[in-house]
Amino acid sequence: MEHFKTLAALFIHTLVLVAPLLVMATDPDPLQDFCVADLNGVPSVNGYPCKPPSSAGDEFLFSSRATKGGDPTSNPNGSNVTELDVTHWPGVNTLGVSMNRVDFAPGGTNPPHIHPRATEVGLVTRGKLLVGIIGSLESGNRYYSKVLKAGETFVIPRGLMHFQFNVGKEEASMVVSFNSQNPGIVFVPLTMFGSSPPIPTPVLAKALRVDAQVVDLIKSKFTGGY
């Protein structure tokens, strides 16, 4: 019994010491109605510093940025992303939300990528898109996919690799939202073959089990980024 009391006292003492650290490691909730981002400031744990309310106006609550998408033929992927994260919509600062519009040419793709800081929910608004999601090693790298039509939705768990591909003969579009004001993005092909400085060719040749010449050829396709 005495041994149990000693262990209990030690546990409570440790919890008292650790609890403040646990609280500090969690993103704080907003303490005001709005915190319009001052993009000239330096981001901290919970976002950009706030502009003075008197200079924020009310336009930060609204945006017409996604009413018209970009040209999906402007890059080799055949897709164009119109971003509405905190850097393009300062009103979402500290609110933990953002969104994108993506437009696809026929045969266009939003290539395999990862959002390291957010879960994604999407709505196909036009055309037909193949949505693919790849589970982690824990799931055996299982591949989940479905062709979605306008009005249908999908969800991408945080950190999982995924892509969208226009399987229709016409242009397609989707709108996606994130539970982060700045979800981040890691394009897998660009990260592997277009990093700066580049990943050494022998490393990629060994990892991909191909000749070095193959790696160098693929690297040459990403010298200018996406």
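Sequential numbering from 1, following the chain as shown.
Placement of Cβ uses the backbone N, Cα and C atoms for every residue, glycine included.
Annotated oxalate binding site per TrEMBL: Asn100, Asn110, His115, Glu120, in sequence order. The C-beta environment of Asn100 (oxalate binding site), restricted to residues of the same chain at least 6 apart in sequence and closer than 8 Å, consists of Ala66, Val81, Thr82, Glu83, Leu84, Asp85, Val175, Val176, Phe178.
For Glu120 (oxalate binding site), the Cβ neighbour count at a 10 Å cut-off comes to 21, with all displayed protein chains included. What TrEMBL records for His113, His115, Glu120, His162 is Mn(2+) binding site.
Feature annotation from TrEMBL assigns compositional bias 'Polar residues' to 72-81.
The disulfide bond feature in TrEMBL is assigned to Cys35-Cys50. The Cβ of Cys50 (disulfide bond) has 18 neighbouring Cβ atoms from other residues within 10 Å, across all protein chains displayed.
Per TrEMBL, the feature domain 'Cupin type-1' maps to 64-216.
Across the range of the region 'Disordered' (61-81), the DSSP-based residue counts are 4 helix, 3 strand, 14 coil. The region 'Disordered' annotation in TrEMBL covers 61-81.
What TrEMBL records for 1-25 is signal peptide.
Listed in sequence order, the recorded positions from Cys35, Cys50, His115 having a Cα within 10 Å of the Cα of His162 (Mn(2+) binding site) are His115. If you average pLDDT over the domain 'Cupin type-1' (64-216) in this model, you get 96. For the compositional bias 'Polar residues' (72-81), same-chain residues at least 6 beyond its ends with a Cβ under 8 Å from one of its own Cβ atoms are 100-111, 164, 166, 171, 226. Taking CA atoms as the reference points, Glu120 (oxalate binding site) and Cys35 (disulfide bond) are 23 Å apart.
Of all the binding-site residues in the list Asn110, His113, His115, the shortest Cα-Cα distance to Cys50 (disulfide bond) is found for His115.
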